[in-house]
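A.B. asks: Relevant sequence annotations retrieved from Swiss-Prot are reproduced here:
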type	residues	note
TRANSMEM	8-28	transmembrane segment
TRANSMEM	76-92	transmembrane segment
TRANSMEM	99-115	transmembrane segment
TRANSMEM	120-142	transmembrane segment
TRANSMEM	151-171	transmembrane segment
TRANSMEM	172-192	transmembrane segment
TRANSMEM	257-277	transmembrane segment
TRANSMEM	291-311	transmembrane segment
TRANSMEM	339-359	transmembrane segment
TRANSMEM	360-380	transmembrane segment
TRANSMEM	397-417	transmembrane segment
TRANSMEM	433-453	transmembrane segment
């Protein structure tokens, strides 16, 4: 937990910096408007040539709209064929790692098919939704690798998912406002850090699995069984409640789903969906518009708070951790919810699955890789579908392209889950999931960062506007 506390301190510093930057930006913008009124009466005061004001002029011009969508025609050509192949493998590996595959989808949509970056972000979310739905359906029957519980940890999802959806709404708005160069910088820093952490966690898990295999071989050799006949089974994180019964790997969906927790998650999704639809006929930045947006906060905080209080009081536990430390402090619970919001913001802003944040976080909590991947994907199903609704209402993607690519991602995710599950059973290494997660995050950092840098250089050469967009004037 000390590592998590250090992460929290670092996160708090970054948050304070961003808040200070936002306040300074708002102050300077207001000051600039006031100066423009005074300059209209006294033309002799024309001192806006300072470096600071030039920077503000670069970052914000209220009448500038830099975004124009680029949607190529939907027709059979080499771009579609190559994009389909790349999208298929991205969805297959992304669903296994619990990250969705957005880090592969966005560059593919931009570089190969030819969408503009923000439209690529929106279509990427559609593909993540398709892959997530397929993966969740595949996982609904599966059980925890060592404990007698579902492979999806519903209590963990109930703590994180409402805050994830709140973050998605913030991230979608930021996607409209933030310039591409800022998104690129944030992406590279965040993804390089999380991929490094995930790789280290994978190495640690690999070493533990090696020790477990050696111990199992020694025990069997002492009983007169050849070590070459050893089949690896993960050591249980907690004693089985039914030691005489062999744990089933698959059960019926009705038996395997925690319906109360699922009902609460669906309730949050429906409320958020209703709020998003109700904004459709409201003027951007009107009083009603902001009231509807702010109503999302009590819904998300209420449901996550309900689960957090139950965890704090010991009425609920994160059972997938096994018999480890199940007592949570207030600071830890607040930190986990904060990470949920950050994961949502990243997902909505970059068109990625929140699994890029949730996966490494769940692993740090001591959750097994299979459960981490399944639970992160389960939460992403709700958040990605909400993002798709929001992007659709903003008219950010062409429907025919989206339907086709959703179909590709849905099939690919099912294939990926099936193949990797058999591979893990064959080699006895669940750490394979963590290495896939780390690889997907790292590849995403390189591909998305590279695309962002190329686009940024192109805009500089064309002398295009590279500042913040105006959310209140955005019309799709």
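Here the Cβ of each residue, glycine as well, is placed from N, Cα and C on the backbone.
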A.B. asks: If we skip the immediate neighbours and take only residues 6+ beyond the ends of the transmembrane segment (257-277), which ones have a Cβ under 8 Å from one of its Cβ atoms?
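C.D. replies: Sequence-distant neighbours of the transmembrane segment (257-277): 140, 150, 154-155, 157-158, 161-162, 165, 169, 292-293, 295-296, 299-300, 303, 306, 382, 385-386, 389-390, 393.
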A.B. asks: Counting Cβ pairs under 8 Å that sit 6 or more residues apart, are there three or more between the transmembrane segment (172-192) and the transmembrane segment (397-417)?
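C.D. replies: Contact absent: fewer than 3 Cβ pairs fall under 8 Å.
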A.B. asks: Below 8 Å between Cβ atoms, which of the listed ranges 99-115, 120-142, 151-171, 339-359, 397-417 makes the most pairs with the transmembrane segment (291-311)?
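C.D. replies: Answer is 151-171, with the largest number of Cβ pairs below 8 Å.
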A.B. asks: Can you see whether the transmembrane segment (76-92) and the transmembrane segment (339-359) are touching - at least 3 CB pairs under 8 angstroms, only pairs 6 or more apart in sequence?
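C.D. replies: Stretch pair does not touch.
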A.B. asks: Counting Cβ pairs closer than 8 Å, which of 99-115, 120-142, 151-171 has the most of them with the transmembrane segment (360-380)?
C.D. replies: 151-171
A.B. asks: If we skip the immediate neighbours and take only residues 6+ beyond the ends of the transmembrane segment (433-453), which ones have a Cβ under 8 Å from one of its Cβ atoms?
C.D. replies: 93-94, 96-99, 101-104, 106-107, 110-111, 117, 180-181, 183-184, 187-188, 191-192, 194-196, 198-199, 201-202, 205-206, 350, 352, 355-356, 359-360, 363, 369-370, 372-373, 420, 424
A.B. asks: When you scan the chain for residues with a C-beta under 8 Å from the transmembrane segment (397-417), skipping those not six or more beyond its ends, what do you find?
C.D. replies: 71, 74, 83-84, 87-96, 101, 105, 113, 119, 122-123, 126-135, 137-139, 391
